[in-house]
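Note sheet for the following structure.
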């Protein structure tokens, strides 16, 4: 079991997109009321006084869409300025990124993941549920802005949906050839989208790699990330290709992360709700910082057992919560 030192922090559960795999059409979404969200002060207290003292050093800001969080640049700056913060990154859909990319970089954000599920504007809008409002170009502008500012690595996340965007694998992989961009293919997962998943299923990373290997060849990359991706490279390419295979290749034994939801629930496992802690309620009811630390330490100690119990759930489980409610 890897050392667990990576915390994914959901800043908000709301999003300006409604992607099929994250917030499926027809599903009832009960958004968190503003007063139920962790405040900036509460979030920083938990990071600085609870998570860092028990060993967390890497933080990723997620959503929903994190750029919808008021004062997000200030929050980035506050976390980045903590001397114990070794790595601060963000996952965003990129729609609001272009105007504030430089501000985020100046505040201390250095790594960014941007969702790009298609290079075809029509298919892209279909996936994100734009209802006729074109969104692709503004996302692409956000990607270009992040590249100009100097985010490194700049990662592009692609959720592969059979019959929707799986024919674009080679075109998306080609983005890694001329720029130091890291394209990551993510297997479609049945979390909060059981009807869509049951209708379409998923494409394994092995199949995707074979397509790319047949076109260009494929080698193991010299650079390895801190997460679950298996990293490869097209020979001669500047960037890399990552494959996140939560459906076909269990990586629970490599898990190094926990998730903090926007309303303060600490979740040790994406697939298993065992042991989750309501830190916000505890904090607001006067539970001491020392007690909160000890609760998190205990959860860290039992996380391997929780992971083991959840390892087969990716292919057999049914989940009522959407990815946006979990925090991605």
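Placed from the backbone N, Cα and C atoms, the Cβ positions cover glycine too.
What Swiss-Prot records for the GTP site is 8, 91, 155, 257, 258, 259, and among 60, 69, 284 the residue it adds there is 60. Across all of the domain 'Radical SAM core' (1-229), the predicted model scores a mean pLDDT of 92. Residue 269 ([4Fe-4S] cluster 2 binding site) is 11 Å away from residue 8 (GTP binding site) when you measure Cα to Cα. Each residue contributes its Cα atom, and for residue 257 (GTP binding site) and residue 269 ([4Fe-4S] cluster 2 binding site) these two points are 8 Å apart. In sequence order, the binding-site residues near residue 15 ([4Fe-4S] cluster 1 binding site) (Cα within 10 Å of its Cα) are 64, drawn from 64, 115, 259. The binding-site residues considered are 22, 269; of these, 269 has the fewest other C-beta atoms within 10 angstroms of its C-beta. Taking every protein chain shown into account, 60, 257, 259 are the binding-site residues, and of these the Cβ with the most other Cβ atoms within 10 Å belongs to 60.
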